[in-house]
Amino acid sequence: MKKIIKVEAVEKHFGNQVIIPPLSLDIKEGEFLTILGPSGCGKTTLLRMIAGFETPTKGNLLLDDEKINDLPPYKRHMNLVFQHYALFPHMNVEKNICFGMKMQKVPAAEQKERAEEAMRLTQLLEFRNRKPAKLSGGQQQRVAIARAIVNNPRVLLLDEPLGALDFKLRKDLQRELKNLQRNLGITFIYVTHDQEEAMSMSDRIVVMNKGHIEQIGTPKEIYNKPKTLFVATFIGENNIVKNGEGYVAIRPENVKVRSVEERILKEYHLGHIEDIEFVGNMEKLYVRDEKTSELLMAYQTAEEAAQWSIGDNVYVGWEQEDEVTLN
């Protein structure tokens with residue numbers, strides 16, 4: 001797949017503070033790439049440099065192999081969607097969507113045609129005459145997205161666009177955004193701190209921490225094979241166990257809990273159940289390993305977990321193939 005954007009040893013300093021040390025990243029044309037990390041990790045700064053709202057202190061940004069460090073945002077064939085929609089309150093949906101084209105002096109007939117298609121793709125046709133105050137948060141976000149895609153950008157940049165919405169609406173819009181990206185076939189670069197959001201929508205995920213890239217991979221690769229201690233603790237739930245000089249990660253769904261009579265492998269350790277949590281269709285057991293004093297998490301079905309009570313002595317263990325060695 002062709003690389004549309006290249007980030008080559010880019011750094012960003014604010015005064016004497018290094019926000020992003022040398023960082024390199026290739027972004028493929030037509031992919032849904034998510035930059036994921038905690039607050040303050042540098043993900044929004046990276047996005048703003050790609051968009052042209054921040055200038056790299058060092059390094060180069062390339063679009064189609066052309067250097068764009070000094071190219072203004074409006075010449076980059078990119079559009080940015082923020083968490084705060086910045087809609088014009090006195091304009092209806094259609095006029096908000098057409099505003100950028102009007103400023104660019106796009107012919108009125110073409111404005112109408114392109115706005116119609118953008119509203120169709122974002123399911124806004126029936127709301128075209130409403131003003132923002134008469135729209136829900138999700139509908140306002142759709143207007144912001146329609147306003148961005150109506151310009152036919154090569155790349156759509158999204159900075160935590162669903163952060164202000166409630167849980168159900170966020171889930172609905174996650175599916176809509178992924179479907180929209182598939183239909184448009186353009187590159188989406190999406191910034192979020194929400195790992196579930198990243199997992200559900202992305203073709204690839206870039207995990208950032210303190211300005212560095214910790215790991216790049218598909219959602220399955222990031223989840224099943226975390227490379228570093230940070231990724232293992234940030235993505236999903238993991239049991240982190242010391243192994244010689246390093247650490248291994250074991251997902252709770254791979255940890256087995258057996259009665260003393262059912263001990264299967266000699267590697268299983270004696271432990272006792274400290275707590276049991278109901279988590280929907282599963283129960284989460286917290287087992288204190290008597291040998292290592294580690295508190296381990298294990299998932300079981302409600303039927304499997306029904307045999308246990310807090311304080312029960314059990315054996316706990318896992319298959320060696322389920323261990324992931326961490327850097």
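One-based numbering along the chain as shown.
Glycine residues also receive a Cβ, built from the backbone N, Cα and C atoms like all the rest.
Annotated in Swiss-Prot:
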DOMAIN    5-235  domain 'ABC transporter'
BINDING   GLY37, PRO38, SER39, GLY40, CYS41, GLY42, LYS43, THR44  ATP binding site
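Taking the features listed in Swiss-Prot, we show where each one sits on the structure.
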residue	record	contacts (Cβ under 8 Å, 6+ apart)
GLY37	ATP binding site	LYS43, HIS193, VAL207, MET208, ASN209, PHE234
PRO38	ATP binding site	HIS193, ASN209, PHE234
SER39	ATP binding site	HIS193
GLY40	ATP binding site	none
CYS41	ATP binding site	MET208, ASN209, LYS210, GLY211
GLY42	ATP binding site	LYS12, ILE19, ILE20, MET208, LYS210, GLY211
THR44	ATP binding site	ASP159, GLU160, VAL191
Q.
What is the set of residues, excluding GLY37, PRO38, SER39, GLY40, CYS41, GLY42, LYS43, THR44, whose C-beta falls within 8 angstroms of the centroid of the C-beta atoms at the ATP site?
A. HIS193, MET208, ASN209
Q. If you run the three-state DSSP split on LYS43 (ATP binding site), which class comes out?
A. helix
Q. Reduced to three states, what secondary structure does DSSP give PRO38 (ATP binding site)?
A. coil
(Q) Restricting to the domain 'ABC transporter' (5-235), what is the model's mean pLDDT? (A) 93
